[in-house]
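Annotation source TrEMBL lists region 'Disordered' at 1-33. The transmembrane segment annotation in TrEMBL covers 47-67, 79-98, 110-131, 173-194, 206-231, 237-259, 280-304, 324-346, 374-392, 398-420, 494-518.
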Amino acid sequence: MALEGGGKAGRRRGWGGGFPSLMRRKQVDSDRARAEGQPKLAKELNVPALVAIGVGSTIGAGVYVLVGTVAREHAGPALTISFLIAGIAAALSAFCYAELASRCPSAGSAYHYSYICVGEGIAWLIGWALVLEYTIGGSAVARGISPNIALFFGGPDSLPWILSRHQLPWFDVIVDPCAAGLVFIVTVLLCVGIKESSAVQGIVTVLNACVMLFVIVAGSYIGFQIGWVGYKVTDGYFPYGINGMLAGSATVFFAYIGFDTVASTAEEVKNPQRDLPLGIGAALSICCFLYMMVSVVIVGLVPYFAMDPDTPISSAFAKHGMQWAMYVVTSGAVLALCSTLMGSLLPQPRILMAMARDGLLPSFFADVNKRTQVPVKSTVVSGVCAAVLSFFMDVSQLAGMVSVGTLLAFTIVAVSILILRYVPPDEVPLPSSLQESLRLSQEYDEERVSSTFGDERSKTSQIKDVIVAESMEDPLIEKKIYTSKMDEMKRRKVAALSIGSVCVGVLVITSAASATWLPL
């Protein structure tokens, strides 16, 4: 890769460059980087593997709890519409990720895109926000697996001693060896290779999808027998009004987070221009369909006000004489947590590797194993950190910070799309393949213009500067060129002002909406 202003060495010398160094942008071309001898990742992923990674990283155990909480407190029977609105909002972000991932297919996800479009300072913040998000999120997921496994043994106190939680003497700390062990297992699996780890995640994701299909089919059978009593409540379909439905959409939106994991594997996709958009779109569509169908069934089995907020699906089946379904639903929750854990630990080393390639971290993190073609050192470091957190700390209170990093990354990706769309390519560094196609089209246009005036100006064919020669005979051409440059500069200013106004406007509106002293 090449950086504006002299590549890696120039950027490393510019730590004290002040504000210009924070706004420095980079140019990425993974093919050229591999030609220069940099370590490369294995290109093993196709559309089915990307769909498995996306669905597995998105559908977590939260959906088994979220259905009851949101229906009971916000949406009521309109929970399905809440999932649909949230899915549409998530699809807009997914389209942004798909476009950037296909145009800039290198590791790093939102960090990589913000470095190309915005600048080094913002990219540095986004990179560490993503690392924090995946570390805390993975640790929180790992801590949630052991209570679900304990249900198979009869309760929290029935786990084997080596897997159960213990309180350390003289310390107010509850350790979870089961969570740490699962993190280590997933770390080893990720070190084996991307092909093997994606295959395992695909199997786990298919099993989880089968559990959700069981909930849909069995619940529909019961619903037709009892007449869908959940939709016959006296409060109607919108008991909390449109505002309640929209509040439910804001809550369930986080159930769609996970498709950005697919973008972090862009450098390992066989055909990124085709496979990445298909993989992201298909994964999000499958998740939206499963979410909506599960909500349709569960809300119809039990009135929203009678739902159990902790175990809505298991309790819904138990009320109709299917207590054994609790074990099926619990199995789905465990599978979903394991798949989400893999999805949380997979992007971390690739973001660290991208930052190390750019010199923002030591080169230790950029090493790629020659045999497995995986950043093993970064994977081990991130896995050990996540295992330590999950073993010693209850990170559930910190899990809310993950949402801040996610929304920040989504915002920067949307801004990057605006910059790529409305700022000319020579102002935003792009992969050399796109610059080459742009240069060829410009040369074609110049040849077409010169051929148009070739017959009338054959006497100036030996002059190198055709534009100057043409302007000498026809001053209108020079004036036209000057006018087009002025129009282009004006368009750039308008585009930059519009992008800045959109960002400031969104910030003001959201701040005003959350201000208690501003009821309007």
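Note that Cβ sites are derived from N, Cα and C of the backbone, with glycine treated the same way.
Automatic, uncurated: that is what TrEMBL annotation is.
Residues 41-42, 131, 134-136, 138-140, 142-143, 173, 175-177, 179-180, 183-184, 186-187, 190-194, 344-345, 348-350, 352-353, 356, 364-368 of the same chain lie 6 or more positions beyond the ends of the transmembrane segment (374-392) yet place their CB under 8 Å from a CB of it. Only residues 6 or more beyond the boundaries of the transmembrane segment (324-346), in the same chain, are considered here, and those with a CB under 8 A from a CB of the stretch are 53, 56-61, 63-64, 134, 137-138, 141-142, 144-145, 148-149, 151-152, 182-183, 186-187, 189-190, 197, 200-201, 204-205, 207-208, 211-212, 214-215, 218, 258, 261, 264-265, 311, 313-314, 317-318, 379, 382-383, 386. Segment contact holds for the transmembrane segment (110-131) and the transmembrane segment (398-420), given three or more CB pairs below 8 angstroms at sequence separation of 6 or more. Stretch with the most C-beta contacts under 8 angstroms to the transmembrane segment (206-231), considering only 47-67, 79-98, 237-259, 280-304: 280-304. Residues 54, 56-60, 62-63, 66, 69-71, 74-79, 81-83, 85-87, 89-90, 93-94, 97, 231, 280, 283-284, 287-288, 291, 304, 340, 343, 403, 406 of the same chain lie 6 or more positions beyond the ends of the transmembrane segment (237-259) yet place their CB under 8 Å from a CB of it. Sequence-distant contacts of the transmembrane segment (79-98), counting only residues of its own chain at least 6 positions beyond either end whose CB sits under 8 Å from a CB of the stretch, comprise 67, 70-71, 109, 245-246, 248-253, 255-257, 259-260, 262-263, 276-277, 280-281, 284, 287-288, 291-292, 295-296, 299, 304, 410, 413-414, 416-417.
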